[in-house]
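Written below as structure tokens is the structure these notes are about.
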Amino acid sequence: MATLKEKLIAPVAEEEAAAPNNKITVVGVGQVGMACAISILGKSLADELALVDVLEDKLKGEMMDLQHGSLFFQTPKIVADKDYSVTAGSKIVVVTAGVRQQEGESRLNLVQRNVNVFKFIIPQIVKYSPDCTIIVVSNPVDILTYVTWKLSGLPKHRVIGSGCNLDSARFRYLMSEKLGIHPSSCHGWILGEHGDSSVAVWSGVNVAGVSLQELNPEMGTDNDSENWKEVHKLVIESAYEVIKLKGYTNWAIGLSVADLIETMLKNLSRIHPVSTMVKGMYGIENEVFLSLPCILNARGLTSVINQKLKDDEVAQLKKSADTLWDIQKDLKDL
């Protein structure tokens, strides 16, 4: 007796399970992980999306909730499991998992606890997707990108930290508000460590090729009557402000990560400020990851732009590198 499906559909080719071309995995289904997932789906970047987490009920619930929206996406397959076999064959793996900082906990202790989490996660990712590119989003992102690179054994062009892609987006938004011009037409770079010791490259800030520092030589200094330095201060403080107001940040970082993935999967060779291994650049001597303008394409992070930085900007970068190395050098089990 023929089934309804057999009566409805007349096959022309034999049914075979086709391997996905653009499979993306998100590790961790917290606020940030799910913002990454919805941003990836919204841009139709994946033909299969896999979610992984240790919290099985939440994981299943998030998967079902997304599957119920399948009519509104162009992603035919959404899967989830706590077993990493579900991630097999991923082109890109986004890592958002990690432990949160406890009150009064030192940064070193927080990082060490995350190292212990990553020691389980990273080998599993590489086991099932040996050719993937890993994007690390968990904080402190620059140190955890270094940890991922060490644990994965992958070449450095395939281990990327989300880094200052979001910091730069915040900077361009705030700049656009001040000038009344769309952020995409306001050009400026935040480099170095994601967060408190990031570096605003004032010498490169421009609109339509017009250097704003040439129009206002005091821009970014304490002597600036227009107080542009406040814009960078707001970039640093904005995450804390959002966390204070709603408990976490997620939408902007999710959109930022989807932006990076789009550049790679579509082989666009766009330039993004993301965290990469900077040893040997700008006089930095240790194996630390910091954000510099990097070219991303289908192979991963293929090149770094040699941006002309002023002496004080280089000094700030080196200071960031030293701060990170002070923590990294004491990490155990890497």
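Yeah, the Cβs are placed from backbone N, Cα and C, and that goes for glycine too.
Fair warning: this is a prediction, and the values are worked out from it, not measured in the lab.
Swiss-Prot names D53, V54, L55, E56, D57, K58, N139 for binding NAD(+). Of R100, R270, R299, the residue it gives for the same site is R100. Maximum intra-site Cα distance, NAD(+) binding residues D53, V54, L55, E56, D57, K58, R100, N139: 25 Å. For the binding-site residues D53, E56, D57, counting C-beta atoms within 10 A of each C-beta gives the highest total at D53. Taking the C-alpha atom of K119 (N6-acetyllysine) as reference, the shortest distance to any of the recorded positions D53, E56, R107, R170, K329 belongs to D53. Here K7 (N6-acetyllysine) is positioned 41 angstrom away from L55 (NAD(+) binding site), judged by their C-alpha atoms.
Nearest neighbour of K329 (N6-acetyllysine) by Cα distance, taken over the recorded positions S44, K58, R100: R100. Between the C-alpha atoms of K58 (NAD(+) binding site) and K7 (N6-acetyllysine), the distance comes to 38 Å. Using CA atoms as reference points, the recorded positions S44, D57, N139, H194 were checked against T249 (substrate binding site), and the closest is N139.
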